[in-house]
Amino acid sequence: MRISILGAGAWGTALAIALAERHDVVLWGRSEDAMAQRARSXENTAYLPGHPLPAALKATADFSLALDHVAQGDGLLIAATSVAGLRPLAQQLQGKAIPNLVWLCKGLEEGSGLLPHQVVREVLGTQLPAGVLSGPSFAQEVAQGLPCALVIAAEDAALRELVVAAVHGPAIRVYSSDDVVGVEVGGAVKNILAIATGILDGMSLGLNARAALITRGLAEITRLGIALGARAETFMGLAGVGDLILTCTGDLSRNRKVGLGLAQGKPLETIVTELGHVAEGVRCAAAVRNLAQQLQIEMPITNAVAGILFDGHSPRATVEQLLARHPRDESISAS
């Protein structure tokens, strides 16, 4: 199968490495110099060092080449940008002959508060077969060929089947869903909760506290998702509890590292600079807080993280305030 991946960051590169073993894959990046260097060295030293690019993988900065590669037949076009980069990429695709579009990003667009599928529809319309590939997956492990499971969510059944045929393989299991909203909400909010978990762990508050936070965080994800039209069962799957557990507990999680740094008293700007890569939870926290307020949904953990990130609230005082909240029933509707 012909596959073009637009975006040569860590996740785009990792997926390209995995898929190039079985498919004809083009990996596109914006920088001509960077892509030429990757083609010469057969490695993405900037985002995924130590993982050689397969000889069959074509690395290019030629946008037309990447699109022409999938224009005919059963081609698959994958957007491997951040949420912030999705709209500019979709605008580049306007008027182009593309068969479909699947994105990997997780979050809400800053400013508009839109989910990725809403951004794509706004720019490219509703007729294009489109969907999101998500789930618990660190790029480094995918590049190593370690096992993982993902979910493709799309309204178009043929696109779901195409993505399963393309991505499902010896080390990657792919499940399918038509709940695009649920999969996207799970992928967005779990990043915020990973920051919260990093704060707790950085304050050495113990495993009991971590488990409680993850559990009540899942209730927040579900509450928001249902309000936006998602199905509750989606959050019991890979894009919900699966991605939440990995991002909150895995040492490779950038969002968790943000929380650890905040607990140590580091300024957010310093933490982001040290990471060197995108931590979507930082970008997403304000947007989710605003959306929850508009929908009148209680999301106390999300609000607490946004307060620490943007309002100068103390992590320790914030934790104390969360613990001091009035007891209530344990349910999705309760906060």
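Every residue, even glycine, has its Cβ placed from backbone N, Cα and C.
The active site, proton acceptor annotation in Swiss-Prot covers K190. In the three-state DSSP scheme, K190 (active site, proton acceptor) is classed as helix.
Taking a C-beta cut-off of under 8 Å and a sequence gap of six or more, V278 (NADPH binding site) has these contacts in its own chain: G9, S82, A84, R254. The annotation NADPH binding site is assigned in Swiss-Prot to W11, R30, K106, A139, R254, V278, E280.
The C-beta environment of G135 (sn-glycerol 3-phosphate binding site), restricted to residues of the same chain at least 6 apart in sequence and closer than 8 Å, consists of C148, A149, L150, V151, L238, A239, G242, D243. Per Swiss-Prot, the feature sn-glycerol 3-phosphate binding site maps to K106, G135, S137, K190, D243, S253, R254, N255.
Counting every protein chain shown, 23 other Cβ atoms lie within 10 Å of the Cβ of E280 (NADPH binding site).
Around the Cβ of S137 (sn-glycerol 3-phosphate binding site), 22 further Cβ atoms fall within 10 Å across all displayed protein chains. Between the CA atoms of K190 (active site, proton acceptor) and S253 (sn-glycerol 3-phosphate binding site) there is a gap of 11 Å. Here the recorded positions are R30, K106, K190, R254, and the one with the most other Cβ atoms within 10 Å of its Cβ is K190.
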